[in-house]
Amino acid sequence: MLNNLLKKVFGSRNDRLIKQYSQNVTAINALEAKIGALSDAELRGKTEEFRQRIGEGADLDMLLPEAFAVVREAGKRVLGMRHFDVQLIGGMVLHDGKIAEMRTGEGKTLMATLPAYLNALAGKGVHLVTVNDYLAKRDAEWMGRIYRFLGISVGVILSQMDHGDKQAAYAADITYGTNNEYGFDYLRDNMVTHPLERVQRVLNFAIVDEVDSILIDEARTPLIISGQAEGNTDVYVRMNALIPKLVRQENEDSPGDFSVDEKAQQVLLSEAGFEHAEKLLVQSGLLPSGTSLYDPANINLVHHLYAGLRAHALFHRDQHYVIQNGEVVIVDEFTGRLMAGRRWSEGLHQAVEAKEGVTIQKENQTLASITFQNYFRMYEKLAGMTGTADTEAYEFQQIYGLETVIIPTHRPMIRVDRMDQVFRTMDEKYQAIIADIKDCQERGQPVLVGTTSIENNELLSSLLTREKLPHQVLNAKQHAREAEIVAQAGRPKMITIATNMAGRGTDIVLGGNPEPEFERIRSDESLSESEKTERIAELQQQWQTLHDEVLEKGGLHIIGTERHESRRVDNQLRGRSGRQGDPGSSRFYLSLEDALLRIFASDRVASIMQRLNMPQGEAIEHPWVTRAIENAQRKVEARNFDIRKQLLEYDDVANDQRKVIYQQRNELLESEDITETTTAMRADMLRNLIALHVPPQSVEEEWDISGLEKALAAEYHLTLPLREWLEKEPDLHEDSLHQRIIEAANALYSGKVEQVGAPIMHQYERAVMLQSLDMHWREHLASLDHLRQGIHLRGYAQKNPKQEYKREAFELFTSMLEEIKAEVSKTLMAVQIRSEQQVEAVAETHHAPVNVQYHHAAFEEALGEEKSPESIGEDIEGREHPQKHQPFVRQGEKIGRNDPCPCGSGKKYKQCHGKLN
């Protein structure tokens, strides 16, 4: 009550921000005539002038009004597009590192040119992040005309791009690319064996398009680079044959072997199911007779059993995946697109392959991973834009520290959003949808029907075909024609069925989009300029007639066939209609058999329908029902937020360790000579070995001198007469013995260095160190995965799983560093180098792996659960040696030796993980 009163008096926080930005808009508009009077050369010269002013100490905020006015004028001259006042406000919101919520069709792509140009002037690079390669390429070419006109270089990074081209793209002032490619390039840069192989610069400023999709939906799925692990695929085939013999329980108390929790997306074996599974495994020869499924030696069988159960009970063909060219291809849950080459982790993909009877490929081992949450938080400044962010504003603020600002529309929004209609059954719902589509088609109104899966998409298509209604289908299988289908979805009588969010980023123009046809005429060399102009004018007139016809019929009508878990995704579907003040309408059709209602709201809605005594085939349309559905969606949104927050809390532990490893790795690559580091490591390891045989503060009678002599000879190739030293020098005590052994080891190593020369030895030291660091880091990632999957069980022992995870992860990390030191020290002491070729051979074996895959692992896998996993895979192309030197720039702040160690131990960095340096 008090909040509402204060808002009325002072306005909301959003209103106050818009008011502040509007003052700057007035200043920009005042410069329009002056900037407009400049010649093209003078306008281009403004870029150099701004750069000089920055060099002299000017702040970007001081340049903002004039820089925005320059970009606006360039847009008018190059593209014939003038930035509206609301786009100027949006540009300022992005420049301030906030999220701009802007309705579909209001010109987000053009708006981004303002902050991108301003921030590119500083010379540190600006990254524009899109959801797919098509949009990255389109926007780089389209908006790149403005940047290039103003003397700003533009690059685009694509998934199959040559290494040298990618370096050049990152070196440009402004770079366009996908979220996946930026993340994978960061991981690849931290797997290189030479500083010149890196592609990225400092992570300065990122503008994320469709920020809700990338930072919320895809935040649940870590980016993973993996390589094939050794293993026999036969076990998947044999396990798959057993799964159909296990019986699914109808409910918790009914007989059966396993239950399926759709809400948590888990499969659980009952006690009877556990015994039945053991018998079947013994009969098949997978489980040795007389042993238990949960014996340590059989733990892998449990992994395979649950993977098989999930593959059969939770993952369905044409919904979660399709079969294409004899391979299981994942369908992206959020966009409906095919994710060619992506693979689910933890054996799930192999289990699905076994279920479908296609060739089973080997499991993967994680080489490097990061979540989008941790990747994008590394940018010095982060901003985003979308048509639907307000429902997730709290999460953006909590996780990323990003404020959401709702930008006013250029023209009032007049779309009519009708109330949901709820039916008892799917059949009744689809009959009502067909009737609505028929009505629109008869009136000449275009319709866009949104479905949640390929299965529903194709079901509706078959129903329309039966009714002899011509239509176009857009799902993952028609991915190549996506932009073309979406562009023409606004033509009169056009019926388009699309999976949710497919085609996002391409506007649906009422009357159809004439631009592709215009482009074809412009590029036709057989036509004269006058013929081109005449044909374009003729087409423009035809389009205007169609456009006016659609406006008269009520604009684009949106039909939702099911509510999504997130209100935001429903709003995105609705947002395809009513762009830039156009008319439009929308309605969702639901049934009690829909997944969301069945799992979260069926009892409440069913009881409402019974109270209202609804007859068969009759729809319910009531605020109570709408409220019940919204409450169900809020429940799911809150649950998903908790999962993402939990994932981040766990991943932060790995992220702190990743920062330490990557910083040390980068320092290794940059160092010409790491002798000081290897000498300190060797001394450390020798002290540990000596302490095992000569305990600290012990008397000489407790010393195991012969054991120490053997250990030094076996592990460090040091043959020392320790007993003779002690007999000849009675004053030789524990500390001086330590010192004598370390000096002897250093002398032996110095002899090796003199033998081959310091430069060759330094090169070898670095190669060995990198090899050991990378190998142990990969093994450590696997250990963290295993730890995380079982950590929730600590709750039964009244322990906090998160605290236990932090503690054990720290112990694993410390143990890994000790193993690296020991391995490097022993290798360097044992090696006999005779030529530079031997060193090069060692370095050659440690080149970046070539047969790797890039994928998203399911976010619940990271927490010991699984849901809607996605993965991406492409072979790394042969890396060419870069033509241009790329200076190393540290990612994030350097950790000082006396700073607290980022691993969370509470010790100083130099006394903890800084010891490796």
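Each position is counted from 1, following the chain as shown.
Cβ coordinates are placed from backbone N, Cα and C, and glycine is handled just like the others.
The shown structure was predicted, so the numbers you read here are calculated from the model rather than taken from an experiment.
Feature annotations, reproduced from Swiss-Prot:
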BINDING   Q87, G105, E106, G107, K108, T109, D507  ATP binding site
REGION    866-917  region 'Disordered'
BINDING   C901, C903, C912, H913  Zn(2+) binding site
COMPBIAS  907-917  compositional bias 'Basic residues'
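Shown on the structure are the features that Swiss-Prot records.
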| residue | record | CB count, 10 Å |
| --- | --- | --- |
| Q87 | ATP binding site | 27 |
| G105 | ATP binding site | 21 |
| E106 | ATP binding site | 24 |
| G107 | ATP binding site | 19 |
| K108 | ATP binding site | 23 |
| T109 | ATP binding site | 17 |
| D507 | ATP binding site | 18 |
Next on the checklist: Can you give me the residues near the recorded ATP site, meaning same chain, not Q87, G105, E106, G107, K108, T109, D507 themselves, Cβ no more than 8 Å from the center of the site's Cβ atoms?
Outcome noted: M102, T104, L110, M111
Next on the checklist: For the ATP binding site, please report the maximum Cα-Cα distance among Q87, G105, E106, G107, K108, T109, D507 in Å.
Outcome noted: 17
Checklist outcome for this item: Reduced DSSP state (H/G/I helix, E/B strand, rest coil) at Q87 (ATP binding site) is helix
